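If you check Swiss-Prot, you get these features:
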BINDING   28-35, 94-98, 148-151  GTP binding site
DOMAIN    19-260  domain 'tr-type G'
MOD_RES   His603  diphthamide
Amino acid sequence: MGRRAKMVEKVKSLMETHDQIRNMGICAHIDHGKTTLSDNLLAGAGMISKDLAGDQLALDFDEEEAARGITIYAANVSMVHEYNGKEYLINLIDTPGHVDFGGDVTRAMRAIDGAVVVCCAVEGVMPQTETVLRQALKEKVKPVLFINKVDRLINELKLTPEELQGRFMKIIAEVNKLIEKMAPEEFKKEWLCDVVTGKVAFGSAYNNWAISVPYMQKSGISFKDIIDYCEQEKQSELADKAPLHEVILDMAIKHLPNPLQAQKYRIPNIWKGDAESEVGKSMAMCDPNGPLAGVVTKIIVDKHAGSISACRLFSGRIKQGDELYLVGSKQKARAQQVAIFMGAERVQVPSISAGNICALTGLREATAGETVCSPSKILEPGFESLTHTSEPVITVAIEAKNTKDLPKLIEILRQIGREDNTVRIEINEETGEHLISGMGELHIEVITNTKIGRDGGIEVDVGEPIIVYRETITGTSPEIEGKSPNKHNKLYMIAEPMEESVYAAYVEGKIHDEDFKKKTNVDAETRLIEAGLEREQAKKVMSIYNGNMIVNMTKGIVQLDEARELIIEGFKEGVKGGPLASERAQGVKIKLIDATFHEDAIHRGPSQIIPAIRFGVRDAVSSAKPILLEPMQKIYINTPQDYMGDAIREINNRRGQIVDMEQEGDMAIIKGSVPVAEMFGFAGAIRGATQGRCLWSVEFSGFERVPNEIQTKVVAQIRDRKGLKSE
């Protein structure tokens with residue numbers, strides 16, 4: 001039996017012993033060394049050859065990733081590691097750190113119970129470190145810390161042992177500050193990264209060594225020895241004495257939870273069903289014999305096998321050939337193949353049980369975030385939808401160069417929409433022009449060049465990038481009448497800004513989009529009141545949609561209940577496009593004050609009620625002082641002090657604001673905020689301004705008001721682009 005075959009046998013046997021499983025991820029800021037770390041862990045566990053690790057980037061198995069040298073999709077792999085005489089199964093996920101691919105990170109977090117947060121010793125805690133940590137803590141994923149590239153502090157920055165420890169303490173303190181701020185209440189203390197107990201490791205993933213306090217005590221290696229090895233260029237000897245995979249995987253096994261421990265507190269966070277029900281108890285116990293419950297965390301498209309769903313099982317078991325039920329798309333599907341991941345390969349296994357991560361083929365209609373259960377015991381409700389902290393802010397129009405490619409292009413676009421829930425796709429079969437909205441320039445580029453061009457073999461024309469704007473209101477409208485086309489139904493309403501605290505709760509995901517059949521359910525009502533909505537209104541919310549809400553303040557109108565669904569539909573259509581530039585509205589509250597309906601139901605059908613409320617909402621919004629909002633990005637620039645002035649000028653020239661500046665040694669760290677509309681071509685410009693000597697990164701930071709002096713111009717440009725008549 002070869003090494004790989006032995007490994008597969010071990011993996012199969014360990015899959016049934018919960019306390020010996022760890023589902024873990026590796027996440028970090030771009031280029032802080034996640035994939036190099038993952039590869040060396042695989043090499044250490046005997047999955048790829050040691051000589052190739054670090055250069056091989058086994059988890060960057062996509063050609064596009066290898067060419068760019070960054071991880072774009074999250075890759076999965078299973079391996080075995082021995083700790084204190086016992087073997088453990090480790091399911092490892094490597095996630096992208098580039099801000100444009102944050103959606104993949106969000107999805108990976110749902111599958112794992114613990115994460116190794118990688119932080120570069122030279123750059124320290126960066127914006128994306130903060131974002132991935134926030135996502136992890138939101139999904140109740142326990143973190144441990146690996147400070148990477150320590151050799152650079154010694155060889156390039158020539159730090160003394162005291163300075164080294166000072167630098168480490170600063171990074172650990174920053175990470176712990178974030179954990180204290182964002183961790184679930186019950187774990188705020190317990191999850192802090194503590195050096196003494198070994199929840200922090202230091203090392204160099206590229207040179208394949210790492211160290212932690214427990215390992216120092218075990219092996220007798222001191223910080224001084226590390227400095228000597230690095231200075232004398234003997235890091236390969238250090239790698240033999242303190243191998244990276246041993247230190248990191250020991251830390252993971254000792255400090256990260258097994259599925260049985262983790263599911264007790266993770267399930268209530270992601271599933272809002274009855275904890276005392278059979279399936280509720282079974283998920284909390286991670287019971288392989290309970291009802292089936294799992295969640296699809298990622299869709300991978302394979303040229304040969306078609307669509308593969310990566311799935312985390314929380315309860316029950318999936319065997320090859322089982323009939324499954326997809327809760328979101330309300331469809332049945334058959335598990336044609338059940339496999340475990342080994343990097344780019346999949347190895348078939350007869351069945352997979354609760355607590356594991358697997359690869360399923362045959363779920364054609366599944367999307368990322370889909371709930372999987374058995375048709376005989378449908379999981380009600382499904383798992384909470386995966387919320388992602390950024391939003392698509394850039395749109396491009398694409399058309400196929402050859403008309404014969406049109407049907408294939410539409411199929412590929414639908415497939416991309418299923419794979420990646422941070423992409424918004426609008427397909428217009430009449431004009432042949434399709435819109436793709438993504439998180440940033442790179443995200444869009446990968447979709448158009450790689451997924452459509454390279455994988456799909458379709459040549460497309462890509463239009464100029466368009467920024468996604470929003471509209472909101474700053475005042476309260478007078479009472480507005482919305483009339484149906486036949487003039488027999490009248491609805492009276494007022495538009496006013498939603499309370500800031502309520503909108504903030506919506507952005508944080510405490511309140512989400514939903515329609516209420518009769519009245520607000522108790523859970524939503526409590527959350528709305530906590531967020532600051534008046535109790536009287538919280539009881540009467542009809543619908544929350546895209547961060548807008550409609551409240552029924554009428555009394556004793558019988559026909560209103562019959563028309564409820566139509567009113568909600570009309571409200572949604574009304575806020576889809578605001579009055580200024582037909583961009584989506586947000587933060588708008590519509591209060592329904594009164595209504596009169598025709599007594600004959602035939603005269604108050606959809607074709608009458610929907611337009612009445614839709615036009616009413618639009619009129620109310622346009623008379624409530626509407627304004628335009630634009631997407632903003634936080635920007636972090638790390639540059640030598642000599643170029644600080646040029647870097648600041650580059651931000652100021654783009655309508656940006658400097659939020660904070662720090663100096664560390666001869667480097668300056670600049671934090672600012674810049675409108676996305678002004679960020680095109682920034683990469684080249686900042687490289688020129690600092691002669692290529694700066695590190696920079698951006699992160700989406702919400703929508704802000706467009707300055708008054710340019711609002712008219714921007715609105716005119718959008719209306720012109722959309723072919724709306726100029727106001």
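Quick reminder: no glycine exception, Cβ is built from N, Cα and C everywhere.
Annotation note: Val150 (GTP binding site) sits in a helical segment as assigned by DSSP. Across the structure, Ala28 (GTP binding site) and the residue listed as 'diphthamide' are spaced 59 Å apart at their Cα atoms. Val150 (GTP binding site) sits 75 Å from the residue listed as 'diphthamide', taking the Cα positions as reference. With a 10 A radius on its CB, His603 (diphthamide) counts 13 other CB atoms from all the protein chains. Ala28 (GTP binding site) falls within a strand when secondary structure is assigned with DSSP.
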